[in-house]
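Novice: My questions all concern the structure below.
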Amino acid sequence: MEQYILKLENSINILAFLGALVSSLFYWAKLTYYKQIQVFSLPKFCLIFSNCIIAGMLLERCFRYSYFPLSNLYESLLFLSWVLNIITIIFVDKLSIIGAIGSSAVTLIIGYANYILPPSLRQTSILAPALRSNWLMMHVSVMIFSYGLLIMGAFLSLIYVIVNNNLSQKSLNRMFYLPSFYVDFDKNEPRNDIGTATINRNKLSYETIESLSYKFISLGFISLTLGIISGSVWANEAWGNYWSWDPKETWALITWLVFATYLHIRINKKWNKIYASLVASLGLIVICFVTWE
Amino acid sequence: MVSITLKTNRIFRSCLNLATNLKFSITLFIIICIVSAIGTIIPQDKPKEFYMNTYSLKVLGMPLWKIIQLLSLEKIFYSNFYLILLLCLSFSLFFCSLKSQFPYLRTSRIIKLNNNNPPTSPLHESKKIKYNNIASKNDSSCVQLVSQGYKIYTFDKNLDKAGPLLIHLSLILILLGSAIHAFNDFIAQEMIPIYEVSHIQNVISSGRISKIPQTISLKASAFTVEHENEKVVKQFITNLAMLNSKGEVLKQGLVSVNHPLVYKQVYIFQMDWKLFGIRVNYGKNKIYEFPVQKIEANNEQQWSCTIPAKNQSKLILIFKNMSDEFYVYDNNQNFLKIGKINTPQLIRNTYFTVISKISGTGLQIKKDSSINIVYTGFLLLIIGLVINHKGSKKRT
């Protein structure tokens, strides 16, 4: 019976994976080749399809083992891909590049969870008494949700850094040859706000990327904070220590600090947004490291 | 004298400027990130031999483990360097709130307009002009205008600017709370046999000015294990009483995993359990207690106990988990039979009854005098973040 269910799970997984793969291919194609608006969007349909499958699988596991289904790495990765998927579905109409990033990230995560992760990690382990806590459930789900938001925001920032050619040679020199935090950034540098600069179609889309990235990260930052807090409340209730400097906690703190730095630079109007985006791209590396670990 | 105070004043001012400088705080963030990352790469709190074996590589003519020990990287989060970093962070947070955020909040609330210009035109007309001016400058929904005589005030009704201030204050609260915890409190672990009274003795860590209460003792009157099924444990529950020096009960209650017992800032957590021994009746009220030994096997907790039998022979009893059954072997490790607690056994001409098991409960005892401060900080942090988010949404 168990084996039969596992086989069924595998074949359903392939469908979710294929759905995400097809939609990511179409979104990349859409970015480069044709840009007309379609009434019926095939890639979006594929994404919604794979989203439903992932949600169904998580729910099925929830009912089969009768507990909250985020006990191991496999389920956490599935949930992360679901979060990224739903963000993509909601925001893809605002900015087409979100479709390309989101769907390929979903494809990668599902693929990794199903085909590279060793099968022993996929089996549900029995929960120890300390892990049966509502605070822990809240911690895990909010953490993964925040990672989804932060990954999306940081990716957009990275794209802003790559695409925006406003980064002049002068500031490049400053960034790489001088300790940049003790150099006053050029305050007269033209800022390409929509209001102040001449409205240029390209610039507008850059700014949309940047502002969406800011929105994602600030929302993700709030949920990251909530996740860390609920985790430490749980730890305090389980063994009476809200912070014990173990590597997972420390990396969560590092992520928090990196994105706090991003927010501080971003809200300071004197500084160019590109520096904030660079910090967010650094945050992307940190998050990837955290989730892989 | 004056020059000295002036000089200290100048130093103080330049320190203040540095502390409130955004670039300084960002540098601080990054340093803390890097140091913490080092702390996760190098395993913390291991014995000295571990570092000598793992980091035997030589750098600059000195073995790496010596450098690690010199910089106290093996307990980086408790080193003075890290403490100084956190102190710098708190100062930066505090002075930033004091110097820039608090005045900003005040000015955003009351902006006095038209302070000393007596109206040249009739009053109502001047008011009208002012209203129009302000309405064109501000979003009318969040600015309230109040006129008092010839003066017109405007109140900024939204408290969006309180967001960052609240965030910084809550972070200071959290840091303060954990500092108090580190100085004032202790953590101890006790393994207490059921029905016996134990004092707090095995202290794991304690702060510099912490006091361990000598008059409190603990008495566990029952320990049960709830099972989900055969092998899976659901919950450990201890019925625990706290006694004072006269033996009077101060507090009694159930302690289980995730549900600590609290008495005056002392928290007691359920951590572990253990089998200490068994009581065996050889008939005619000859009751003996025998110690047990733990065996690690197949992820199962097992205990073995050797009891004497007739003709100089010995019997070995094996207990698995918390079940009432036990397995009886003889000296040569031959399996004899399965017995049950409180049922008489006749094995190899020996008549005996295992009356009960003496189990013990593993408790962690912690004093936490500042948990309320930390939790208040957590709450304020979330509220501040939400307010800040709302404010930033309005601005864009």
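Every residue gets a Cβ built from N, Cα and C, even glycine.
Found this in Swiss-Prot, in case it helps:
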TRANSMEM  A:12-32  transmembrane segment
TRANSMEM  A:39-59  transmembrane segment
TRANSMEM  A:78-98  transmembrane segment
TRANSMEM  A:99-119  transmembrane segment
TRANSMEM  A:142-162  transmembrane segment
TRANSMEM  A:216-236  transmembrane segment
TRANSMEM  A:250-267  transmembrane segment
TRANSMEM  A:273-293  transmembrane segment
Novice: Checking distant contacts: for the transmembrane segment (A:250-267), what same-chain residues at least six beyond its ends satisfy Cβ-Cβ under 8 A?
Specialist: 143, 150, 157, 214, 217-218, 220-221, 224-225, 227-228, 231, 273, 275-276, 279-280, 282-283, 286-287, 289-290, 293
Novice: Between the transmembrane segment (A:99-119) and the transmembrane segment (A:273-293), are there at least three Cβ pairs closer than 8 Å, leaving out pairs fewer than 6 positions apart?
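Specialist: The answer is no, given that the two segments have fewer than 3 Cβ pairs within the 8 Å cut-off.
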Novice: Taking 3+ C-beta pairs under 8 angstroms (sequence gap of 6 or more) as contact, is the transmembrane segment (A:142-162) in contact with the transmembrane segment (A:273-293)?
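Specialist: Yes, these stretches are in contact.
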